[in-house]
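The structure appears right after this line, and notes come after that.
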Amino acid sequence: MQRISILGATGSIGQSTLNVAALHRESIEIYALGAGSNVDALYQLCCQWQPHYAAMANIDAAHQLEQQLKAIGSRTQVLAGESGMAEIASLPEVDSVMAAIVGAAGLVPTMAAVNAGKRVLLANKEALVMSGELFIRAAEKSGAQIVPVDSEHNAIFQCLPVQAQQQIGACDLDAAGISHILLTGSGGPFRQRPLETFAAITPAEAIAHPNWSMGPKISVDSATMMNKGLEYIEARWLFNTRPEQLKVVIHPQSVIHSMVQYQDGSVLAQLGQPSMQTPIAYALSYPHRMASGVAPLDFTQVGTLSFEAPDFARYPCLSLAIEACHQGQVATTTLNAANEEAVAAFLSGRIDFDQIAAVNAQVLTTLPQASADDLESLMAVDTMARTLAQVEIGKRLR
Ligand code: NAD
Ligand code: MG
């Protein structure tokens with residue numbers, strides 16, 4: 001029996017994880033569930049799954065949940081705040097932690113799972129983008145096995161030799177005979193939209209991804225391709241790549257989820273339906289395989305697979321992220337924080353779509369002079385970058 005704790009249980013990845021777990025009740029126990037502030041959604045999940053623990057980041061929400069669960073005589077113990085979230089990430093009874101909180105809020109709880117030596121099923125890319133080297137070193141120290149859930153990184157992981165899979169964060173790609181890691185991305189909903197109409201893009205248009213169903217923040221990131229930029233940084237850390245080894249390829253159909261190119265000319269790709277239940281099932285069962293509930297890919301229905309180079313004028317956020325990745329940890333933490341503020345401002349109608357990149361670029365040029373040696377310094381950089389981003393957002397209000 002594998003006991004798991006799901007951080008971000010009420011979100012898109014959380015729901016997909018529960019969908020997979022529902023197919024394997026004999027081998028997977030939902031031991032703890034965590035969420036931000038949606039009491040009703042977590043209450044429903046607690047009734048359905050009867051976890052030993054539930055945690056809510058919002059303290060008031062946690063109290064409400066506790067009262068509601070008490071009223072029905074539930075056995076679930078409720079924990080509150082970031083420390084409660086970190087606690088369910090490091091419970092001694094738990095084997096695997098699904099890290100699926102959105103954004104920088106996931107850093108502390110995900111790190112708690114890493115430090116506790118858990119198997120960490122990593123969906124929360126922002127945590128790794130923010131803490132990069134610290135995250136990888138912490139996993140080395142505790143012996144935590146990181147299994148990527150992000151579909152591209154999961155695909156790459158599947159295409160790696162076993163030895164490299166066992167050395168996540170420290171693999172030697174040259175020794176494994178690998179020349180390039182090819183990150184694929186669909187290009188999002190605006191791949192062909194005239195650039196001069198970008199300012200008029202609405203939040204509803206931006207979150208309507210052509211192939212994947214995801215939470216609002218990552219959907220906007222997919223539209224700007226900041227998502228691919230964050231994934232570039234994520235891949236740099238997970239697969240220990242040098243800049244020239246990592247490439248982004250636009251593949252609008254999202255059938256290939258990423259590829260590994262070997263020195264002998266071979267290219268290994270992982271293909272499938274665009275459903276997160278496949279990488280989640282793989283991460284839960286690695287090194288074995290189990291059913292995910294996803295329909296088999298029917299090649300007679302797939303049609304054409306096409307590929308193009310990314311156009312950086314269309315996707316300035318992608319080039320900002322690649323630039324930040326080469327600059328280092330303070331830059332990536334800064335960009336991630338600025339982007340979260342800019343995306344939230346766009347989603348609440350405060351700034352136009354094309355201003356997301358403008359805010360990010362401006363904050364990145366006024367990079368805080370800081371160190372990135374420990375979690376506290378990174379959190380300080382994150383806070384400074386958010387303040388700078390709010391100033392830039394203020395100058396661009398609609
Ligand atoms: P979502 O918005 O659907 O869900 C986010 C979850 O995080 C919710 O359960 C919410 O309650 C929780 N949360 C928010 N703030 C919190 C806080 N302060 N403390 C604790 N929990 C908090 O997001 P999602 O689409 O499921 O994405 C989650 C993560 O997975 C993101 O980092 C995203 O980049 C990554 N990811 C998602 C997909 C996808 O298909 N959705 C694919 C790849 C990677
Ligand atoms: Mg992805």
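The first residue you see is number 1, and the count goes up from there.
Placed from the backbone N, Cα and C atoms, the Cβ positions cover glycine too.
Because TrEMBL annotations are produced automatically, they should be read as predictions rather than curated entries.
Record note: TrEMBL gives Asp150, Glu152 as Mn(2+)-binding, and the candidate from Glu82, Glu87, Glu231 in that site is Glu231. TrEMBL lists Lys125, Ser151, Glu152, Ser186, Ser222, Asn227, Lys228, Glu231 as binding 1-deoxy-D-xylulose 5-phosphate, and of His209, His288 the one it places in that same site is His209. Annotated NADPH binding in TrEMBL involves Thr10, Gly11, Ser12, Ile13, Gly36, Asn38, Asn124, Glu126 plus, out of the candidates Gly187, Gly188, Gly215, Gly229, the residue Gly215. For ligand 1, the binding-site residues lying close by, meaning a CB under 6 A from one of its atoms, are Gly36, Asn124; the full candidate list was Gly36, Asn124, His209, Glu231. For ligand 2, the binding-site residues lying close by, meaning a CB under 6 A from one of its atoms, are Asp150, Glu152; the full candidate list was Thr10, Asn124, Asp150, Glu152. Spanning the residues Thr10, Gly11, Ser12, Ile13, Gly36, Asn38, Asn124, Glu126, Gly215 that the record associates with binding NADPH, the maximal Cα-Cα distance equals 21 Å.
Largest CA to CA distance in the 1-deoxy-D-xylulose 5-phosphate binding set (Lys125, Ser151, Glu152, Ser186, His209, Ser222, Asn227, Lys228, Glu231): 19 Å, whole number. Proximity note: of the listed binding-site residues (Asn124, His209, Glu231), Asn124, Glu231 have a CA within 10 Å of the CA of Asp150 (Mn(2+) binding site), given in sequence order. Ranked by how many other Cβ atoms sit within 10 Å of their Cβ, the binding-site residues Thr10, Ser12, Asn124, Asn227 place Ser12 at the bottom.
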